[in-house]
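J.: Have a look at this one before I ask anything.
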Amino acid sequence: MKLQLALVLCGLTLALGQIVPRSSWCPVPISPRMPRLMVPVRLIIIHHTVTAPCFNPHQCQLVLRQIRADHMRRKFRDIGYNFLIGGDGRIYEGLGFGIRGEHAPRYNSQSIGIAFIGNFQTGLPPSQMLQAARTLIQIAVQRRQVSPNYSVVGHCQTKATACPGIHLLNELKKWPNWRPKP
């Protein structure tokens, strides 16, 4: 009974926007030499990972490790995104707040990168993913990591790419802080 109650409480906490820490999926801490972000930033750039989707913590942790390994092979300093959203509706810490990402070259020093795990050229992310991203943005504003007057753009608005997928981009256009230009 106590275990069930603990699991329910944990689920409620995650549902309220707890960020799953990087240490749950990556044993390597972020290097103290990683460039810092000047916060609050005014720009949130949305991506999709074009990987397999994930629907539970175990699957998502595997995908996160694969993404980080791919980014490291491509000579990134670490995983490129600040946060990732799993198909399980959880918010996974990548670089986290205050660290400059490597997700949109001309905009890394002035933005937070949020990646939806999966490919959204072929369909819309599940509603729990969309809600998790909105929750993360609220947390970022509350923690003064993102300006209250922030803008949301898709990666394709910063360079020639299909990212974050046409279906996710069309959804972003409905969000109140979406802008046609960064």
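Residue positions begin at 1 at the first shown residue.
Just so you know, glycine gets a Cβ as well, placed from its N, Cα and C.
When I checked Swiss-Prot for this same protein, it listed these features:
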DISULFID  CYS54-CYS60  disulfide bond
CARBOHYD  ASN149  N-linked glycosylation site
SIGNAL    1-17  signal peptide
SITE      TYR81  site 'Important for catalytic activity'
J.: Report the same-chain neighbours of TYR81 (site 'Important for catalytic activity'): residues 6+ apart in sequence with Cβ closer than 8 Å to its Cβ, ordered by sequence.
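T.: Counting only residues 6 or more apart in sequence, the Cβ neighbours of TYR81 (site 'Important for catalytic activity') under 8 Å are HIS47, ILE67, GLY94, LEU95, GLY101, HIS103, GLY113, ILE114, ALA115.
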J.: What whole-number Å value do you get for the CA-CA distance of CYS54 (disulfide bond) and ASN149 (N-linked glycosylation site)?
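T.: ASN149 (N-linked glycosylation site) has its Cα 32 Å from the Cα of CYS54 (disulfide bond).
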J.: In which DSSP state, out of helix, strand and coil, do we find CYS54 (disulfide bond)?
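T.: Reduced to three states, the DSSP call for CYS54 (disulfide bond) is coil.
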J.: With an 8 Å cut-off on Cβ-Cβ distance and a minimum sequence separation of at least 6, pull the same-chain contacts of CYS60 (disulfide bond), or say none.
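T.: For CYS60 (disulfide bond), the qualifying residues are TRP25, CYS54, LEU84, GLY86, GLY87, ASP88, ARG90, TYR92, ILE117.
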J.: Could you work out which of the recorded positions (CYS54, ASN149) has its C-beta surrounded by the smallest number of other C-beta atoms within 10 A?
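T.: Ranked by other Cβ atoms within 10 Å, the recorded positions CYS54, ASN149 bottom out at ASN149.
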